[in-house]
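A.B. asks: What Swiss-Prot records for 1-37 is transit peptide, and it gives sequence analysis as the kind of evidence. Among the features that Swiss-Prot reports, Mg(2+) 2 binding site is placed at Asp345, Asp349, with the record citing similarity to another entry. What Swiss-Prot records for Asp345, Glu423, Arg486, Asn489 is dimethylallyl diphosphate binding site. Under the heading Mg(2+) 1 binding site, Swiss-Prot lists Asp345, Asp349, citing similarity to another entry as support. Per Swiss-Prot, the feature motif 'DDXXD motif' maps to 345-349; the stated evidence is similarity to another entry. What Swiss-Prot records for Asn489, Ser493, Glu497 is Mg(2+) 3 binding site, and it gives similarity to another entry as the kind of evidence.
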Amino acid sequence: MATELLCLHRPISLTHKLFRNPLPKVIQATPLTLKLRCSVSTENVSFSETETETRRSANYEPNSWDYDYLLSSDTDESIEVHKDKAKKLEAEVRREINNEKAEFLTLLELIDNVQRLGLGYRFESDIRRALDRFVSSGGFDGVTKTSLHGTALSFRLLRQHGFEVSQEAFSGFKDQNGNFLENLKEDIKAILSLYEASFLALEGENILDEAKVFAISHLKELSEEKIGKELAEQVSHALELPLHRRTQRLEAVWSIEAYRKKEDANQVLLELAILDYNMIQSVYQRDLRETSRWWRRVGLATKLHFARDRLIESFYWAVGVAFEPQYSDCRNSVAKMFSFVTIIDDIYDVYGTLDELELFTDAVERWDVNAINDLPDYMKLCFLALYNTINEIAYDNLKDKGENILPYLTKAWADLCNAFLQEAKWLYNKSTPTFDDYFGNAWKSSSGPLQLIFAYFAVVQNIKKEEIENLQKYHDIISRPSHIFRLCNDLASASAEIARGETANSVSCYMRTKGISEELATESVMNLIDETWKKMNKEKLGGSLFAKPFVETAINLARQSHCTYHNGDAHTSPDELTRKRVLSVITEPILPFER
């Protein structure tokens, strides 16, 4: 009863009034909704008063989304209505990309706009053919002799699409002392292009490292008074996070709004971008309805009051990992797993005793439903929900693709729980591991490997034995995005974790291991992120063991990590900016195009 009274005093009405599209009527919270969100049923889950009093609490923010509202719309009809119009516009854009008479720089800028506006997935083969034509006809050599903007733009696009191009292309823009020419800074468009290209660097490419420093130093000196509002917005946007590290859907909505302000905007391209964005958003809404119904049916959020309920944030994360409309299965699978990860992480980090955590880890390793008999009640619910969900995913894969993936899914979960358990032991022992010991475990506890293994089986149609073997060994395409996931997470959450008494974090471990200040440790972690990106960039240059769709999915996980943790831990404590982003991607369509 005490728990119910405490929760009912919270301003519940806020969760129904904030962070969603405004409606012409006020939606009132029903008593049932209040009870589900704020109380723990003692009929099915029993905790003794002693246990409740001695358990830790992280005081996480409650869920602030209205599932009833999110589930209310029917979007399938709107998708069908716009398909024919989109096909006609797509055909017009395709003709422009395939125009062999177009000047190369004009073609490159068209491709760049297509990708920024979120349309790249529609024109993958066309873009590849255009770039093949550009390279085979000597276009790259010609562009590098004319302008820095053309050189940087073509370099970035070619590397994005797996072409091997040398950093030496930028040597012609340096003086006899090896410094970039000072007069280049007068061309802001060129400096922006150089800045974006520098983030496609590989290990040891010093020219690109120097290019990044040069570009950043000059871009930071610019002011709106000097370059105008439109260009200043582009510079600010780029400096916040480079294009190569941005999530596709957020970049699309930003680029559409920026592009529609241009006087020379390609109106056909703009109309297609808006139409496509809204159509894909309708697919997301359909996916979210399915995932939300599953989450409500599972009911963990209403039973485990100590844990974070982050289904919407998890689905938003999944959109960042696999945005293309055809990957609904991947989005639903990743969203479900991240929702489970969030709750189980709270069991290990906050609520469970060490003995209980060892029992839960053993149950996951055994993957035997009878193991629930050894678990406390709150863990029984969690384990059985996890057990049923993963078995269902494995069954669907066996039915649709003829492959038994259950051993790979359960191993991924066992590895994750063992990583969680190790962190719990450090916490209970109040010990701070060395950075190497910590990080060797922490990139696995990020849940990146688990998410990517589930994503692999959802994205890849023809499952190959060699790929599965490398997945189990946590191939670089699994580990490196997970490294970035962990490092970004740790940068965002270090202060809160230290306040809770958790001593294992990349920053704190680096401070202790190297004997340096928090400021220097933070800088070192940021440098590690940059170096990891250089290693990961190599996967885009062809020759990867894995097919391009999965490589992009894995890299997208790193991008979503930047998005989620760039301004704090937006998964644990979603702020208004995060909620606006979620709405813009999932529920708020872009205003229609007007000629």
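Quick reminder: no glycine exception, Cβ is built from N, Cα and C everywhere.
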A.B. asks: Mind giving me a neighbour count for Arg486 (dimethylallyl diphosphate binding site)? Other Cβ atoms within 10 Å of its Cβ, every protein chain shown.
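C.D. replies: Arg486 (dimethylallyl diphosphate binding site) is surrounded by 26 other Cβ atoms within 10 Å.
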A.B. asks: Could you check the binding-site residues Asn489, Ser493 and say which one's CB has the most other CB atoms within 10 Å?
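C.D. replies: In terms of Cβ crowding, the pick is Asn489.
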A.B. asks: Among the binding-site residues Asp349, Ser493, Glu497, which ones place their C-alpha within 10 angstroms of the C-alpha of Glu423 (dimethylallyl diphosphate binding site)?
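C.D. replies: Near Glu423 (dimethylallyl diphosphate binding site) by Cα: Asp349.
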A.B. asks: Relative to the Cβ position of Glu497 (Mg(2+) 3 binding site), how many further Cβ atoms are located within 10 Å?
C.D. replies: 21
A.B. asks: Which of these binding-site residues is closest to Asp349 (Mg(2+) 2 binding site) if you go by CA atoms: Arg486, Asn489, Ser493, Glu497?
C.D. replies: Glu497
A.B. asks: What's the CA to CA span in angstrom from Ser493 (Mg(2+) 3 binding site) over to Asp345 (Mg(2+) 2 binding site)?
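C.D. replies: Given the Cα positions, Ser493 (Mg(2+) 3 binding site) is 14 Å from Asp345 (Mg(2+) 2 binding site).
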A.B. asks: Quick one: largest C-alpha distance among Asp345, Glu423, Arg486, Asn489, binding dimethylallyl diphosphate per the record, in angstrom?
C.D. replies: 15
A.B. asks: For Asp345 (Mg(2+) 2 binding site) and Arg486 (dimethylallyl diphosphate binding site), what Cα-Cα distance in Å is obtained after rounding to a whole number?
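C.D. replies: Asp345 (Mg(2+) 2 binding site) and Arg486 (dimethylallyl diphosphate binding site) have their Cα atoms 14 Å apart.
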A.B. asks: By DSSP assignment, list the helix, strand and coil residue numbers for the motif 'DDXXD motif' (345-349), in that order.
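C.D. replies: Secondary-structure composition of the motif 'DDXXD motif' (345-349): 5 helix, 0 strand, 0 coil.
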A.B. asks: For dimethylallyl diphosphate, what surrounds Asp345, Glu423, Arg486, Asn489 with a Cβ no more than 8 Å from their Cβ centroid?
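C.D. replies: Checked against the 8 Å cutoff, the neighbours are Ala442, Ser445, Ser446, Ser447, Asp490.
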A.B. asks: Taking the Cβ of Asp345 (Mg(2+) 2 binding site) as the centre, how many other Cβ atoms fall within a 10 Å radius?
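C.D. replies: Neighbour count, Cβ to Cβ under the 10 Å cut-off: 19.
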A.B. asks: Taking 10 A as the limit, how many CB atoms besides its own sit near the CB of Glu423 (dimethylallyl diphosphate binding site)?
C.D. replies: 21
A.B. asks: Within 8 Å of the Cβ centre of Asn489, Ser493, Glu497, which other residues of the chain have their Cβ, at the recorded Mg(2+) 3 site?
C.D. replies: Asp490, Leu491, Ala492, Ala494, Ala496, Asn505, Asp569, Thr572
